[in-house]
Each structure stands twice: as C-alpha cells, then as structure tokens.
Amino acid sequence: MAAAAPAAAAASSEAPAASATAEPEAGDQDSREVRVLQSLRGKICEAKNLLPYLGPHKMRDCFCTINLDQEEVYRTQVVEKSLSPFFSEEFYFEIPRTFQYLSFYVYDKNVLQRDLRIGKVAIKKEDLCNHSGKETWFSLQPVDSNSEVQGKVHLELKLNELITENGTVCQQLVVHIKACHGLPLINGQSCDPYATVSLVGPSRNDQKKTKVKKKTSNPQFNEIFYFEVTRSSSYTRKSQFQVEEEDIEKLEIRIDLWNNGNLVQDVFLGEIKVPVNVLRTDSSHQAWYLLQPRDNGNKSSKTDDLGSLRLNICYTEDYVLPSEYYGPLKTLLLKSPDVQPISASAAYILSEICRDKNDAVLPLVRLLLHHDKLVPFATAVAELDLKDTQDANTIFRGNSLATRCLDEMMKIVGGHYLKVTLKPILDEICDSSKSCEIDPIKLKEGDNVENNKENLRYYVDKLFNTIVKSSMSCPTVMCDIFYSLRQMATQRFPNDPHVQYSAVSSFVFLRFFAVAVVSPHTFHLRPHHPDAQTIRTLTLISKTIQTLGSWGSLSKSKSSFKETFMCEFFKMFQEEGYIIAVKKFLDEISSTETKESSGTSEPVHLKEGEMYKRAQGRTRIGKKNFKKRWFCLTSRELTYHKQPGSKDAIYTIPVKNILAVEKLEESSFNKKNMFQVIHTEKPLYVQANNCVEANEWIDVLCRVSRCNQNRLSFYHPSVYLNGNWLCCQETGENTLGCKPCTAGVPADIQIDIDEDRETERIYSLFTLSLLKLQKMEEACGTIAVYQGPQKEPDDYSNFVIEDSVTTFKTIQQIKSIIEKLDEPHEKYRKKRSSSAKYGSKENPIVGKAS
C-alpha cells in the first residue's frame, strides 16, 4: 500500500482483546486455523568416488546445494581438488511452501563457465520420514531433463456426440487444459512454458499446441482443444453415446509440457497420459495430474559410477492447534524445575525416552526459556550431572542433558553477543589472505613459518582481548546459569581452586566462542562459507582460544595440545597476564552483580544479506529497475548498501516507520520470492534469492516492527502501476488495502519463540516414544513393589529413576494429557485426508488414470 500518512492512519486499527476461553472439546479446532509448519534439519556429510576429469588433472572443486524441488535454498563451501569431498556442514531452516522433492545436487565449480552438475539425490516429500535422523549413503543420479521433471497439470475431458452431414456419427473429445503448477526452473529462472496436446492411437497422432506463457512456473492456459473420434458404424439411437470398446481402450490423451527456448532447443518439462476410457462411465473427467518423465527416459545410465553422497536428514511437519489445547501439557512441563527429584519431572522424562536427546532439547529449552524457567531447570539437571562426576578435570565435558540444554541456550540468546564480539575480527580474517599455517607438513612452497606464526599470534591476541573485555555484553540469562554452575562446582570439589573457573570456561570458551570461530557461517557471523585456507586459519585460532580459556590447562606446566607445532606456538601465551585476564572475565560473567546494560544503547544486529530491490518510484517494469544490494537490519533501521562492508547506506528506513511487511504477488513483476516493506514513504519492493530467505526476512522485519504505532490492517498484495493497483484495480494510490495484513509474530526481536509450536513438537515426541514411556512406567512399578535382594544395575540402567513413586505419577499425568491431545489431532488428520481427494491439487493422480 502507498505509505502516505493519512492513508496509513486510516488503515491502522487496534487488535481486539482476546476473550477467555474454556478448555475446548475435542474437534473444536475445526472452526479455527490449524497451522502446518515444516522445518528441515540435518547434515551434508561427504561425497565419495566422484567421476574424475578425463585429462591429466583428475581432481574437482566440488560443492553441494539443497533444493526444494529445483529452488536452491542452501549451498556448502567449495572443497578443492578432491573426488571424495568432506563437507561436514549442518543446516536448519523453515520450509515456507509446499514441495514435491527435496534434492541435493553435487556441483563441480567452474570459474569460466556454468558450474557442472555431477549428480543429484532426490527424495520425495512423503519418503523423507524413512530417513529421519539417520546417516545414509545415497547414490548420485544423473541430471537431465527427464530427472528434473516436476509439477502438475489441471485437465478436464469431455465426450460429446456429433452427427455428420452424411449421417455417420462421431465422438468429439473436448480437452480443456486449465493450468499447471510448480513447473521446474530453467537455469534458475521461471520458464516460458507451453503444452502440446495429442490424441494418440494405433493409427493416429493428432497434435495441437497452446500459447507460450512467459516467465511463470504456474501458467494459466485455459485453452480448449477438440478431437474427432470417427466410427465406422452408421448412426443408431442404441449406440448414441457409446464408444466401441476396441477404440476407447487404444486411445489416450498425451500432454507434454515444454519450455520455449526461442533461439535454442526447447526443453522437455514433463508429460501425462490419460486413457480416453476414463470417460467410459462418465461423460466428463476433471483432475490434477502429476507430471512424469518420458517412458523412454535414460535408463541406461550407470548411476553407480557417478559416486555417492552421505546425508543426515530430519524433516519435521507439525500440525499446531489453537493455544487452548496445549494448556495442560504446557503447565506440566513448566512445573519441571520445581519437581523433586528433577529426574521425575516431565521435561527430564522426555529426554530419557527420546531416541535422540537432541530432539527433546531444542523445544524444551525454547519453551522453558520463553517462560523464564530455563535457569532453575538447567541448574537442577547440572547438579544431577555433578553427582556422577568424579574428576574435576572432566567437569561438564560429556553430552548430557545439562550440557546440551546449555549449548542450545547459548545459541538462542547469544547470537547478538557473538556478533558484537567476534564479527569485526572474523570479517578481517576472512577478507584477508594472510597465511597462518604453522604445521611444517602443510606449509606451501614459499611460506615462511615465522611470518605465519606472527600472523596467527596477531589474530589470536586480537580475538582474545576482545573476548575478555566483552563481559558487559554477555546476556543476563547466560550469566545467571554460569553463576549457578560456578557455585555447584565449588561445592562438589571444595579442594580444587580451579574448578569454579573450568565449570564456566567449559561452556563459554569450549562450546561457545571456539565453535563460533571455527564455523562462523553456522552462527550467521559470515554470509558465505570461508575458503579452505581461511578455514585452516580459523581452526588454529579456535584451538588456541579454546585452550587459553580453559583454566585447567593454564594451571599446568604443559599445554593440552597433541601436535608439537601447537605446543611450541602456545608457549607464547603461557604468561601470567593471560591467566589473569581469563580469570577476571570468568569472574565477571559468572557474577550476580547488576551490570550496566550496554544492549539498549547499541542497535542489535539482526540480519544481513544480498538481495535485489526495485528502484522506487519507477512506472515501468524492466530488468534495469532491479539492482543487487547488500541489506542490513538492526533493531533501529533497515539499510541497503552497494556492496558488503560499505559504511555509507544508499537508503535507510527507520524501523519505527515500518507499517507492514508482506509478500508480493509473483504476477506484479513476474518474479518469485518478492516481499514489500511498507513504510511512511514509497513501498520498498525486494526480491530474495529463494523462498527460505524471503521467509526469514519477512519474519525478522515483522518482529522488529510489530509494536510500531499505526501499523496497517490492510495492504495491497500487488503494485501500483500505470494509474491503478494491479490487485484490485483501484485508481487511488492512497486507497485502503484490499487484503488483511497477516497476523503478527512474537515481539522479542532477539528471541523468536512460538510456544505453541514447541509444545506441539514435545507432544509429537511423547507420541513417538510411547513404547519407551510404557517401559519406564513398568520399571517404576517394579521398583516400587520389589522387596527382594538388590537387582543388577542393568535391569533399570536404561532410565534414570531416583524416585519411582514420583516418576510413576508424572508418567501417568503425561499419558493422560497425551491421550486427550490425540483426539483433536486424529479428527484433524481425518478431515485433512478426506479433503485431499485423489485427483485434487493437493493429491494429484500419479501415472495413468483408470
């Protein structure tokens, strides 16, 4: 919508107050929205046995991409000169749209020409659950037009009767090709599709063709074609609406989709075949069909020769009900920190019965953090950890529930802390080409090891000094937990003066700073993956920082490094000044003293990245109107710059002036993944690189501006061009929007937590683990009633059960709540299943109809 102040004021309104609602009956959610939320988490591990080059230089420079259908949403770093590249890159993102295939493409990087696709792994959406949480080797498949087929066609067939002038009868077949949806991208762009419609039989092949639709993956054809089916017999009333059995069985309609190549060869997009005998019992047939590869596709390719790819994939689809349904489960979980012993709490029991503790940790941490319950819960489970720790040197070094909870907490709340502390120096390291290799075996020809040592020491010193002076920026919740850890460690090992520091450093240095240094892209500190030399530099820095921060190693005469060259290098830092600085920093971040807030005076860095923006105020549509710019968002302003690192912004929008952030219809500029930032001047139209990136920008912009005054209630989903809005045809530029703005999101700009979604995830985990929950319940019952001699530990070693009676009661509560939640979920699943009729857009026909 145009951002004139009077129109904006007229469009804004206060949201009505929510009324108190009694606990709903099962099935009451029918009249309210059930949110279907998708996410993908996993790891691209490695590829092996890739095809070598034919020439003398056989090695390849490889990278891997993740694609939703054919839209790239993630890219790994380039691994140079390898036929078995080791990527080891973790990924996580929300999936904002429907998709048919999740694909992984392995590329050979080519500087002068287009990158070469070596092969791909394509997994149907419905098959993703078969690979959830498991590392699997997949054979690479060849990439050609046949393997890239995707999308669906909406088709209607009718059979009419015609009587010719000479009295013979023929059947007229009416083919209405209505639309297509989700056609593949061609070279990363929307295609120019057209369809050929053929009636095929033993002795005929009549073909017709639609018009070409420009730059769209969802063309609306709405074209009707007529085919005559002649009959040898003369017209009789008896056979008036019959087609001879031998004819109808042999005729079929074939629709082929093509991309118009103009000056180059047209590209095959897929085909469907519909036998005419679908009209045997009905004179009309209408359905959506899934596009298929050609029957004579390339079946001879030796796919085993292309190599293989090892992946770990976890796809999640949550059906989030209205908030009222989650009240009892949420209440039970939030009581967990107060349960004695903590092992009898609902949150702890969930971690015990889940196949992978990590699955339970993330939703638990986010839910408890949202309600300020994480510190007492983490303290309680850490205390349980300490009971089993016999050696102070191994304190909090394992992967227990306590350490995993704290790891996730630091990732969630520590993002801004890392940006203000590490990002400037990491930018300097990544943008520089200084060599820091000090391993004699890995030195390149011409390298000077002494110069490299000085380079490495410069970076380590600069990073170390920044970290130890950053205590004022450390988030309060981290400080609170560090304080608790320090106190508990001192009580557990009162005779060890260093344990109070190692308890804190094992988290803040080993699991926080050191990890962020070695993988800055994972923590959103860098927009792209570093090259191989930079990764090596960051690894050496990370090792040194990790050891510097480990108070235990500083109290010994020797460092903990295994490599001789690292031991020699670390001698530069074994000075009293470093020890004092570490101790002072750890004291400050584990203190309960109130800190002067530094977060409110400095803007919080939220997101940055390269996107395309449309020149404002232009009245024509054209490629030149879209410019590539570097966007930066803080808690105060949205800016864009000519390139990364530019200090002077080309354009600035204060966050307080943002009135709405909404998606823009693809038809506005014939471009995908566009959104609009509506503010007090002309709307800013932006194109993201993919749907995931667009969704992330919309979410963070909505969060940061959610509490602004005069936010819009209605907006225009298209653009104002040539004197009218394309969406509603209104002529006034300041006309009230024609579509309601989407619902708001949580207002916390640093921590975006959807508590209903997290509770739904926990419900799903309990549901998947009911068998183990039952076994735990049986174990509690056995322990409670058993009066004989003490049993071997193996009998109950699968579970931590300190108090069988309290644990049993909690399990009973969990089962009762889950059983009640099952009812609305089952009702929704049945309703969804019945609405997705075979042949509908949601459930298209695969293969030939019958």
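Using N, Cα and C of the backbone, Cβ positions are placed for all residues, glycine too.
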Next item on the list: Identify the zinc finger range according to Swiss-Prot, selecting from 301-337, 708-744, 782-818.
Entry: 708-744
Next item on the list: From the ranges 201-226, 591-616, 825-850, grab the one Swiss-Prot calls region 'Disordered'.
Entry: 825-850
Check: Quick one: which of 1-32, 481-512, 673-704 does Swiss-Prot have down as region 'Disordered'?
Finding: 1-32
Checklist line | Close in space, distant in sequence - Arg397 (site 'Arginine finger'), Cβ under 8 Å, 6 or more apart | finding: Ser506
Item checked: Considering the domain 'PH' (604-706), which listed stretch of 20-138, 149-289, 372-589 counts the most C-beta pairs under 8 Å -> 20-138
